[in-house]
Amino acid sequence: MLNFVPACSTADAQSLDLLQDFVSRSRRLFIITGAGLSTESGIPDYRSEGVGLYARTDRRPMQHAEFVRSAKSRQRYWARNFLGWPQFSSHQPNSAHKVLQRWEERGNLHWLVTQNVDALHSKAGQKRLTELHGCTHRVMCLGCGAISAREELQRRFISLNPDWRAQAGAVAPDGDVFLEDEQVLHFRVPSCDDCGGILKPEVTFFGDTVKKGTVQFVHERLAESDAVLVVGSSLQVYSGYRFLLAASDRKMPVAILNIGPTRADHLAELKVSGRCGEVLSVIHLL
């Protein structure tokens with residue numbers, strides 16, 4: 001499960017003590033999580049040194065404009081996603097997800113915002129949760145806006161493509177697999193049952209923006225909080241980084257738990273380098 005976790009030494013005792021103190025002082029903790037949390041469940045990320053998608057391959061994720069513009073690109077995307085879905089959807093929460101869910105149960109975690117689209121926080125039972133970039137377990141119609149379950153679409157794929165076969169390559173961070181173009185030529189993609197529109201994962205693709213209402217909602221939850229903890233994110237994407245800027249403007253204390261540097265290191269009073277599950281498992285609420 002640690003194949004996609006970058007090499008990292010164990011967090012030192014002083015850092016753990018400081019993080020323990022930081023968490024103990026907060027009564028309404030606001031948490032932002034990223035791909036560094038899910039790598040410990042066996043899901044690769046994009047940016048990790050040596051093991052992320054960008055380091056391992058020259059592949060790049062689907063761009064929003066390309067998906068909307070090109071039927072051929074959608075065919076390729078969905079064929080790869082179809083093959084990767086059984087494995088991707090089977091991933092389970094790790095110890096870090098479970099710790100954060102327990103913090104919510106205890107009442108110390110006010111709100112959790114995740115940049116991940118893998119549903120692992122939901123699977124762990126997290127309720128006070130915003131999936132900032134959506135979730136691959138849901139599908140939306142670009143025509144009428146209808147939302148449906150990804151599992152339902154998988155059944156439609158199987159029905160439309162009973163004889164289609166392809167040899168899958170490595171799994172990518174968003175649940176698809178690598179295929180050559182000629183392998184997807186005869187893959188059939190269904191349209192929306194209600195209006196015949198284009199079906200797309202309910203996720204924010206690269207080049208797209210998070211809905212204004214979602215951003216506003218998260219800002220409101222941040223304003224109700226008394227401290228911010230970043231877990232497993234480099235915050236390279238502005239959609240998450242903006243909340244660290246807002247926390248800084250409010251002079252809220254910030255701590256970061258991540259392997260490697262982040263975009264917000266200069267805004268944090270505490271930076272801990274270590275595996276999320278390993279570190280969070282030894283932090284106790286008072």
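Just so you know, glycine gets a Cβ as well, placed from its N, Cα and C.
As given in TrEMBL:
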ACT_SITE  H133  active site, proton acceptor
BINDING   34-54, 115-118, 232-234, 258-260, C276  NAD(+) binding site
BINDING   C141, C144, C192, C195  Zn(2+) binding site
DOMAIN    9-286  domain 'Deacetylase sirtuin-type'
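Structure with TrEMBL features highlighted.
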residue: H133; record: active site, proton acceptor; Cβ contacts under 8 Å, 6 or more apart: Q115, N116, V117, V203, T204, V210, S239
residue: C141; record: Zn(2+) binding site; Cβ contacts under 8 Å, 6 or more apart: S148, C192, D194, C195, G197, I198, L199, K200
residue: C144; record: Zn(2+) binding site; Cβ contacts under 8 Å, 6 or more apart: C192, D194, C195, G197
residue: N258; record: NAD(+) binding site; Cβ contacts under 8 Å, 6 or more apart: G34, G36, V230, V231, G232, S233, S234, K271, V272, S273
Residue among binding-site residues C192, C195 with least C-beta crowding, 10 angstrom cut-off: C195
Site of maximum Cβ density within 10 Å, from binding-site residues G34, G42: G34
Neighbour tally for S38 (NAD(+) binding site), based on other Cβ positions within 10 Å of its Cβ: 28
